[in-house]
Amino acid sequence: MQAAWLLGALMVPQLLGFSHGARGADREWEGVWGGAQEEEREREALMLKHLQEALGLPAGRGDENPEGTPEDKETWGTEEYGQGEEEEETTPTPTSSPSPSPTPEDAVTYILGRLAGLDAGLHQLHVRLHALDTRVVELTRGLRQLREAASDTRDAVEALQETQRRAEREHGRLEGCLKGLRLGHKCFLLSRDFEAQAAAQARCVARGGSLAQPADRQQMEALTRYLRGALAPYNWPVWLGVHDRRSEGLYLFENGQRVSFFAWHRTPRPEPGAGPSPAPHPLSPNQPNGGTLENCVAQASDDGSWWDHDCERRLYYVCEYPF
């Protein structure tokens, strides 16, 4: 009995040592295999990170900590060692399995999906740009047509305006010869509108004539009788088409011809044998007396004498029309 007890005491420690040695070898093999797997995961994570940087995509969840910190490695080793000891002592309790981390294949699939979405979006943009280009071409064509129509309308309006001007000139000529004084190949018509000399000339031209330009003494006397009968018993100055705006003292008609005779107002001379005449009235001096300040000629309606006036003064005017 004592011999059996002694034999058991000698064998049990050896058996226990062998068991512990086997478990140590197992743990050493597991450590080597786990290190190789960890290196493989680090290489895959690094390749995924480089691919995402090349494509310009944000980093995925799988490469948040690809290399791992020393504390994580130490904790992982401690957990493996602790699990080896807990297998002998207690039975592991079932726990809820955590969600698996994305693999490199999942990341590549995600990137390819995003690229396919971007390609579809670019295709839609190209379609919309093509539609916009087509619309711009249509609008450009329509704008060109509108410009052509506007040009045609402008030409038509200008033609109508020219026709209207011709009609107004013809109407003015007929009215001047029907209502005014016909004398040879001319007709004179008095206008009772007050205008400056240039504006009066423009009004006469618009109606097919010009300011009156008596070419000789006969026309001057006929015009005097016409104005006296139209404005009697009053005396009104009436614009003629005579001026010296180009050069002081050089009197021209509106058509540019030089005036060959004059009918300037003169103060009355005393008769022979009469007493000394009083001084001339300041309102009826000899004409012309305005110098460079009065460059346009008006005719008095009572006696037909010529007076020089400021060209901006607003007076009646008489137009002449060709017959």
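Positions of Cβ are set from backbone N, Cα and C atoms, glycine also.
In TrEMBL, the annotation coiled coil applies to 143-170, one of the ranges 31-58, 87-114, 143-170. Averaged across the coiled coil (143-170), pLDDT in this predicted model comes to 92.
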